[in-house]
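Trainee: Shown below is the structure under consideration.
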Amino acid sequence: MTNDTWNEVRQDLLKVVGKNNFSAWIEPIDFDRIDERTAHFHVPTNFIGSWVTNNFGDLILRQLSAHGAGADRVKFTVSPKAGAAVAAPANTSAPRPVPEMAAAAPAPAPVHHTAPAPAPVAAPAQPRELPGAKLNPNFTFANFVVGKPNELAHAAARRVAETLDVTFNPLFLYGGVGLGKTHLMHAIAWDLQDRHPDAKILFLSAEQFMHRFVRALREQDTFNFKETFRSVDILMVDDVQFIAGKTSTQQEFFHTFNALVEMGKQIVISGDRAPVDMEELDNRIASRLQCGLVVDIHPTDYELRLGVLQHKAELLGAKYPHITFATGVLEYLAQKISSNVRVLEGALTRLFAFADLVRREVTVDLAKECLTDVLRATDKKVTMDEILKKTCEYYKIRQVDMISQNRQRVIARPRQMAMYLCKRLTTRSLPEIGKKFGGRDHTTILYGVRKIEELMQADSQIAEDAELLRRTLEA
C-alpha cells in the first residue's frame, strides 16, 4: 500500500471519527507498511498506540480493506519522528490576541510589550508558553513592595524563580484579596522566562483550568488537554479555591498534580485560604498542597501600605508631573485605608486623576473630598470580639457560656451564629476562629457555619437574625 492510499484512508477516517478525535489520535500516526497481513504504523508514544488499538483498531482495518489493502491486525511502533509531518497551524508564528490552552504546536517567539503606565524597569517579554493567561507587565519583582507581612512569601517566590530545579513542591501562597498573591505568581513567571527563555510555563486561574477541562470533555478531546498540562516545566494555578466542590475538575487536577510531581516539575499555586480552611476541597488535594511550602501573606501593616503608596506615587508622578502633594497625604491614606493593596492603589490613582481635572494641589482635605466612599467603607472593621459581644447581647446569653462546652440549643445555636458571622465578616481562618471559641477544632467551626447556612434556607427567623446582626456589626 502506498502513502497516497493511506492518505485516502485518513480522509475516510476523518469523516467517521470527527475532527477532534482525528486530530488527537489518527493524525499522529505514520503508515509504515503491510507485512504478512499486519499493518505497521509509527506513533509518537506507547499511549497513543495502545489507545488507537483499543478504540480505532477495527475501524482502521475495515477502511484499509475498503481500499484494497487487506490486513488482519494493526501494530504500532514508537518513533520520535511520528507525526512530524503534520502541518502546524498557520498562525503559530504570530502572537495570539487570546491565548488558547490547547497549544501543542511550537509556541511563538517572545514578543516585547511596553507597560501602559511608566515603570522603573522595562516591561518583560511575554513568555513563549503561556496558553492559559496573559501576564501583567507591571507584576514583576521590581514593582513588588516588600514589608513584614509579605517578606516570607516574597523570599519563597524569588527562590522558586531562580531555577527550574524543584525548590518547594508545591509553593502555595495564600491570603486575602489584594495582598499580592497574583502579583508574585506573575513575577515568578516573568523571572523564570528571563532566566530560561525556552522553558514551558503554564500560568492560568483555577477557573480557566475548569473551563478547559469541561470543554475537553464536551469535545471528547481529553488527550490533548492532558498532554498540554503534563508537558510543561512549571505549572502555576491562581485561586485554586475556585475548583472546591467541583468533583470531576478536582479529580483531574489531582491527577495532573501527581503526574507533574512524579516528573519533577515545579508547581506554584495560590488561594484565598490555607488548604485546611478550604471548604469542599478534596482532602487528597489539600494534603498534597500541604506537602510543600505553605506561606501566608498577612494583611498589610502601616509601613507596608506607606511603601506601596510611595512606589505608586512615583509611577503616577511620571504621568502627572504637574501635580504636587502636600505633606502628610500619603501617611493619611496609609492610616485610613487598611483593607488591601488593590484598594490602596486604586484610591491613589483616582486621587491623581481628580487633582489633574480640578488643577489643585493634593491635600488631605482634597483626599477626603475625592475618596469619601473609599474612606467610609474602610472605616469600620468587624472583629471577632465584637461579634461575640453583639451576638451574646442579641440572644441574651453570657459570653462565658458562648465559649463553654454547653451543648444546650439555647447556647449552641447562638454559638453557631457567632461562628458563621466570624467566618463571613472577618478574614480569620477556621483554626483562628476555633481558638476564639474555647479552642474548638476547625471542623467544629465549619460544621457550625454550614449549619447556619442550611437553617437560613429553611427558617426565616434564623435568616432574619443573621441579617440583623450583620447590619448591627457593620453599622
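Heads up, the Cβ atoms here are built off N, Cα and C, so glycines get one too.
Quick paste of what Swiss-Prot says about this protein:
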{"type": "REGION", "residues": "1-71", "note": "region 'Domain I, interacts with DnaA modulators'"}
{"type": "COMPBIAS", "residues": "107-127", "note": "compositional bias 'Low complexity'"}
{"type": "REGION", "residues": "134-355", "note": "region 'Domain III, AAA+ region'"}
{"type": "BINDING", "residues": "Gly178, Gly180, Lys181, Thr182", "note": "ATP binding site"}
{"type": "REGION", "residues": "356-475", "note": "region 'Domain IV, binds dsDNA'"}
Trainee: Around the ATP site (Gly178, Gly180, Lys181, Thr182), what further same-chain residues have their C-beta within 8 angstroms of the site's C-beta centre?
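Mentor: After dropping the recorded site residues, what remains is Gly175, Val177, Leu179, His183, Leu184, Ser270, Ile297, Val341, Arg342.
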Trainee: In sequence order, which same-chain residues at least six apart have a C-beta under 8 angstroms from Gly178 (ATP binding site)?
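Mentor: For Gly178 (ATP binding site), the qualifying residues are Ser339, Asn340, Val341, Arg342, Val343.
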Trainee: Among the binding-site residues Gly180, Thr182, which residue has the largest number of other Cβ atoms within 10 Å of its own Cβ?
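Mentor: Top count of Cβ atoms within 10 Å goes to Gly180.
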Trainee: Limited to the region 'Domain I, interacts with DnaA modulators' (1-71), I'd like the whole-number average of pLDDT.
Mentor: 83
Trainee: Below 8 Å Cβ to Cβ and six or more residues apart, same chain only. Which residues does that give for Lys181 (ATP binding site)?
Mentor: Ala153, Leu173, Tyr174, Gly175, Asp238, Ser270, Gly271, Ile297
Trainee: Give the three-state DSSP assignment (helix, strand or coil) for Gly180 (ATP binding site).
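Mentor: Where Gly180 (ATP binding site) sits, the three-state DSSP reduction gives coil.
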Trainee: With DSSP as the yardstick, break the region 'Domain IV, binds dsDNA' (356-475) down into helix, strand and coil residue counts.
Mentor: 90 helix, 1 strand, 29 coil
Trainee: For the region 'Domain I, interacts with DnaA modulators' (1-71), DSSP counts of helix, strand and coil?
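Mentor: Taking the region 'Domain I, interacts with DnaA modulators' (1-71) as a whole: 44 helix, 12 strand, 15 coil.
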